[in-house]
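TrEMBL annotations:
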type	residues	note
ACT_SITE	E370	active site, proton acceptor
BINDING	T84, G123	FAD binding site
DOMAIN	2-78	domain 'Acyl-coenzyme A oxidase N-terminal'
DOMAIN	224-385	domain 'Acyl-CoA oxidase C-alpha1'
DOMAIN	426-594	domain 'Acyl-CoA oxidase C-terminal'
Amino acid sequence: MLSRKELFKDTLKKAAHAWKRTVELHLTEEEANLLRLYIDQPGYVDLHWVMFVPAIKGQGTEEQQKKWLTMAYKFQIIGTYAQTELGHGSNVQGLETTATFDPSTDEFIMHSPTLTSSKWWPGGLGKTSTHAVVYARLITEGKDYGIHGFIMQLRSLDDHSPLPGITIGDIGGKFGSGAYNSMDNGVMRLDHVRIPRDQMLMRLAQVTREGKYVHSDVPKQLLYGTMVYVRQTIVADASRALSRAVCIAVRYGAIRKQFGSKAGGPETQVLNYKTQQSRLFPFLASAYAFRFVGQWLKWLYTDVTQKLESKDFSTLPEAHACTAGLKSVTTSATADAIEECQKLCGGHGYLNSSGLPELFAVNLPACTYEGDNVVLLLQVARFLMKTVSQVASGKQPVGTTAYMGNIQHLMQCKSVVNTVEDWLNPAAIKEVFEARALRMAVNCAQNISKAPSQEEGFEAAVAHVQLIIVTKFIEKLQEDILGHGVKEQLQKLCGIYALHLIHKHLGDFLSTGCVTARQGSLANERLGKLYAQVRPNAVALVDAFDYTDHYLGSALGRYDGDVYSALYKEAWKDPLNETVVPDGYQEHLRPLLKQQLKLSRL
Ligand SMILES: CC/C=C\C/C=C\C/C=C\C/C=C\CCCCC(=O)SCCNC(=O)CCNC(=O)[C@H](O)C(C)(C)COP(=O)(O)OP(=O)(O)OC[C@H]1O[C@@H](n2cnc3c(N)ncnc32)[C@H](O)[C@@H]1OP(=O)(O)O
Ligand SMILES: Cc1cc2nc3c(=O)[nH]c(=O)nc-3n(C[C@H](O)[C@H](O)[C@H](O)COP(=O)(O)OP(=O)(O)OC[C@H]3O[C@@H](n4cnc5c(N)ncnc54)[C@H](O)[C@@H]3O)c2cc1C
């Protein structure tokens, strides 16, 4: 119910309080991250910690890190990540902002040469950030060396006014009433702003005092390293958002009753309807699947980072493909699922008090920020095409593409599934997912020379990423899992996750010859049985997410199930209910009613 200005100020207040508590309680970095997470309101601090600090860590020299991170860690400066422009977001190489080296003063001149080169979108840029890592085309000795990162001070540390030559503001209201409107996504134009040479982030490349451009021995793709890091964190965010929506829909489904009353008996809980289960339980399974794959991705990222430190860059392409692909598949699935959860809750799901509209509006842009989901899957496709060609030339693939080394078998194997129960076998499931992914990638690679098809590459990428998620779920179940019966429940959810994908993408599985129509129908039968088996534990499986009512923010998802009183109470809090007769009655309603009454008497 807050206006944009009030909402923004509220975000500033919360962020300042969180920082105060962080300092007072001597929180570790991990604890402070959790605190920000549970504040649950997008704000400038996200960009400061999630992008500004990592960009300096990844692309700054040791000296630069020491200087800038010391101030950033103490919040003496607030930073953002200013990459996207009005004219270009996905195509980073198409950015237009220039950083021209002037050897006479040992400075870079930062400039926005066109309207489309205006920086546009960076979070916190609009009203808050004092500094930014700005991405611009480096020009020295008359030559354009492409995009590089530069640290710029944007606002005075005394009175917060923009520095000379910098025009800066907020880009305006966004989707939904709250959601991302707490964030001051900004626009910025630069008019020949001078910064010292040592504010170019120089780990990847340097410009000497004389203006010579010098490459380091690290791959230029490390320029994109911050995005790899953030994409990895977004997978965990998606899993959390999805589990919140599912928690609301499952709990409400157990309370809501419609039809089915015989002879005055109780009506049916909507969660017991098969159609409700087949729409909702795949989301429950996906929430767990995304959590496990997110944990694995965090491990992968840490592993790659350690390797990079010792100058081993071999796993960088795989890390890029995994983070891009998983960010894309999990955020798209999550946005779709939250929207569907609203429908699963019927009319009440459309109320703000259900918590679902806000959850949807906050998570929808994850399909776009940090890389448009389609563009990212096309990156995965590119990686797969390269891997297929390496396999063809005898190279043994590793990591998440290791299965491609089994090409002889996977290109011609037939699924062993013969009964409904056979679909309980993780090996049988994994084999059909591997065969589908490989055959789609190989078909795409073979067709590329004839007529390049983006769609084919896109579909192959989706199949590969789904295989990763299924595989990581299966691997998770091979670990020790504490708690009586917990593993059995997770096995059922793993089955649901995999089999619902077979159901959804049956066309792929059939057309690549991985399963027959009969096996597809056995998979559906198995899925129906799994839904029935999960039903008795569905509420416990969402309680296990351990969300407080406060964090869930939903009248429908309350732990105590007292949904109707909560909805009723929430309704009365609406500002429209502050007066019995609404504002506007005297000016607009009364004259209208009186006029009509007069006319009717004529
Ligand atoms: C309620 C909420 C509360 C709290 C939330 C808490 C936390 C939230 C966490 C985070 C979210 C917070 C805020 C959101 C902030 C959003 C910020 C942004 O959006 S920043 C801007 C992001 N922009 C993008 O992602 C742009 C996407 N575009 C690209 O990445 C690239 O341009 C491209 C599409 C990859 C194309 O690049 P290029 O033109 O160079 O193209 P090529 O395809 O030729 O690639 C060359 C070569 O490089 C390899 N490569 C590409 N990218 C990477 C990479 N990242 N890492 C490693 N390698 C990479 C590519 O594969 C090619 O390799 P080759 O085939 O030649 O071997
Ligand atoms: C809430 C939010 C916060 C953001 N925060 C920041 C930030 O802090 N810092 C920052 O720098 N940026 C930020 N961004 C910008 C964001 O990173 C870009 O919007 C994103 O990278 C997508 O780029 P675009 O907007 O140029 O989309 P476009 O690339 O213009 O996409 C438009 C359409 O074209 C399609 N398309 C584009 N290229 C291809 C292709 N090669 N093949 C097929 N289809 C294609 C896309 O799929 C999409 O459907 C933010 C954006 C949002 C929404």
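Using N, Cα and C of the backbone, Cβ positions are placed for all residues, glycine too.
Overlay of TrEMBL feature records on the structure.
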residue: T84; record: FAD binding site; Cβ contacts under 8 Å, 6 or more apart: K119, W120, W121, P122
residue: G123; record: FAD binding site; Cβ contacts under 8 Å, 6 or more apart: P42, Y44, D46, L47, T80, Y81, M183, D184, N185, G186
residue: E370; record: active site, proton acceptor; Cβ contacts under 8 Å, 6 or more apart: M227, V230, R231, I234, K327
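DSSP assignment over the domain 'Acyl-coenzyme A oxidase N-terminal' (2-78) gives 60 helix, 0 strand, 17 coil. DSSP assigns G123 (FAD binding site) to coil, not to a helix or a strand. T84 (FAD binding site) carries neither a helix nor a strand DSSP state and counts as coil.
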